[in-house]
């Protein structure tokens, strides 16, 4: 039988290799591979929806010897989000890269990145995670430098070094665990781990490494220049997916593997860093002169929101309230992924049309491209957390939980963050109203504008109104 | 899914779907856009007609969508929501006709009418919201959908006004959000219930419930323009006249006032709100706003600014009605939801006609305008006299019931507020009428743009104010007829106080 989990990783990988081998056909091969990979991911999704979780041992070797792939609701949800973003980025790229050699460089790296990401989301042991994490970092930095401009190369060289430092730190933690317990399988480790100096040091090391990659405040310094200077489809993938992957691992470690080791104090520290990320990121986004820089700082803030969940989750006993909160966290991550991808793709179009992305001078451009401006508005709605976006529901549950657990101070942070986000989003949108002549039609460049619009729309309408099915997918709530 | 459960969502979609398509319509396709607009408005009117009849007979209409465990998006029809839905549907139809005429040659019409439809959809959502979560959702969407309308002109003034509007409403919005979440954390998910749902579980929770009420009131008070949260309203006067009409009579301000009614009657219940001392607070705020708005209106020379402060004042009659314990004052407050709407929209249509036809923006330019534009000025006079409370126009009915309710509840100070406010209303409206009818016409108007045809101005601009002025008269004259706003308000009051 053909294995859907293996396909989800191998299809983009093979597509990437083919695109390298036949650079003239890179775009066609890349698109084809993307479509097949999306189908493979849909297959995984259906499997998880029906069975709750999937596991496959490659080559028939069981853990701890072989390489195992597992998919549960969380990884399936992120896999699906990644597939949507990837499809959007792929279609967009066919219209965005007009020169043949740029496309020939983009596709192999991009498909490799996607394969690494899917591998990371499905990996069942800490070492495979390390391998995919490293691959993800390398391809991401290479893609980010694709424009070849001085800023892009220097920002992404820094990104590369930071990424290496992050994965080395992570690997140190893995080594500690392996010495102590003799296994790297996530499931086996979770069963044997005990609070103590080894586990605590491993957690600190691994978290620090991942926090560096997830751009968790105050380790976010590398993100804004790297994301803002990359080509638009790459920025979209970096902000929506790559950062999320590192955060996904933090979540797995804190909530699954190391759950008995995590103390309330440590969880609160994560929350505090998240709070500072929200305020600082939003503030810097508001002060940004350039649209893509604004979007990049907004990512820093949004990662902060995800961290706010950790102290609240830690405080709750297992049960339906904790489940709801956990799904809300996933919902916010998914919403941000789709919205930020849409925003970066739209920002790329604005930048191309205007020749720059200085917010204060964007007037005519914003008005000339109604569909793109609409994309920014929809994505902005999701970033602010206004209804009917998925992040509105996420924030509602987050704040409910903060009130019920008595940790009301997080609410103040959320309120300030929301208002700052509204300020930075509308700072851009207010440019769309001026005395320029009326644009004749809504969509001017279908191949690039429509993917961006659909991604942003999905973050608002689909994730907002159909959020309940996420509970079902994650096997939680009444549906389970 | 039965037909009954589809009706509320169909009413919502009848403006939402045309709105979405309008965005995609090419700028020069007037006819297609007009057809979409009018088809949506007429279908909505039809569906609302069905709903009125059903609710009158006690049918239950409810659309429910589970967003997450414990979080349901509920659209339901009770007597109060039908009152607001009907108001917004009828006035949307009239305003659409007016806007098509008003924006005939201006740029960005697809964008304008797209957001216009979204705005009305959000208002209908607010009216039909069956619980606090749904209310908050549509309340925030309304903020988003109105922003582009206020900024529509694109002048520096317009962007500034829109920014101020947004700053106020977003800040109010987050307070409302916290209040709603806090309340839901206390009670769990509960739908709006006639007579309130907090009464039974308020034991020992008085402190938090008062705090929640203050948060909700702060959030709603921004849109309802309760002093000191009213600052955005005069600033957003830069918007085109149909938008001002919509903001003041149908959508934004009304949404705030309607929310206050919902919270007082269907969340807290008047009994509990009174017991917690919240009604007194609301009464004081409303009275202050009524007087303050009227005083500020006196000194405004800009016609639209004067009308804006008049709105600040008049909308608080609704809150005032809610703050007096007793069914008669409740009727007065509820019915004013409709009466203020039809009177104020008439006034704004007329102000738009003066500006568009003659270039008259200020009260001081209005000398003799009644001779040049008699029909418009007639409609304006009906609206203005109604605001003062002259019988038999609708405004009189409101003031009569509010006064009677105050006497019934032994709140005699309310009579003073009503008297003072009526005097002030007269002081800022009568001079306008005097100028318009009795002063001589000037030699030339500031900017006479439309040629004098068969009528004093374009038909699409003239008919809407005449229709709404007629509605003001009918609502007053036939207040006792079945299905009049007053009768309907009595139906609501009966159901609330049972």
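Just so you know, glycine gets a Cβ as well, placed from its N, Cα and C.
Because TrEMBL annotations are produced automatically, they should be read as predictions rather than curated entries.
What TrEMBL annotates here:
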| type | residues | note |
| --- | --- | --- |
| TRANSMEM | B:6-24 | transmembrane segment |
| TRANSMEM | B:36-56 | transmembrane segment |
| DOMAIN | B:72-113 | domain 'NADH-Ubiquinone oxidoreductase (complex I) chain 5 N-terminal' |
| TRANSMEM | B:76-100 | transmembrane segment |
| DOMAIN | B:129-422 | domain 'NADH:quinone oxidoreductase/Mrp antiporter transmembrane' |
| TRANSMEM | B:164-185 | transmembrane segment |
| TRANSMEM | B:205-233 | transmembrane segment |
| TRANSMEM | B:245-264 | transmembrane segment |
| TRANSMEM | B:276-295 | transmembrane segment |
| TRANSMEM | B:307-331 | transmembrane segment |
| TRANSMEM | B:337-355 | transmembrane segment |
| TRANSMEM | B:375-401 | transmembrane segment |
| TRANSMEM | B:413-437 | transmembrane segment |
| TRANSMEM | B:458-481 | transmembrane segment |
Legend entry - Paired segments the transmembrane segment (B:307-331) and the transmembrane segment (B:375-401) in contact, 3+ CB pairs under 8 A: yes
Legend entry - Mean predicted confidence [pLDDT] for the domain 'NADH-Ubiquinone oxidoreductase (complex I) chain 5 N-terminal' (B:72-113): 91
Inset, instruction - Please spell out the DSSP helix, strand and coil residue counts for the domain 'NADH-Ubiquinone oxidoreductase (complex I) chain 5 N-terminal' (B:72-113). - result: 29 helix, 6 strand, 7 coil
Inset, instruction - Quickly jot the same-chain residues contacting the domain 'NADH-Ubiquinone oxidoreductase (complex I) chain 5 N-terminal' (B:72-113) by Cβ under 8 Å, restricted to those at least six beyond its ends, or write none. - result: 7-9, 11-12, 15, 19, 22-27, 33-34, 37-38, 41-42, 44-45, 48, 51-52, 54-55, 60-66, 120, 123-131, 133-134, 137, 148-149, 152, 189, 191-192, 194, 240-242, 245-246, 249-251, 254, 258, 261-262, 265-266, 334, 337-338, 341-342, 345, 349, 352, 356, 458-461, 463-465, 467-468, 471, 485, 488-489, 491-492, 495
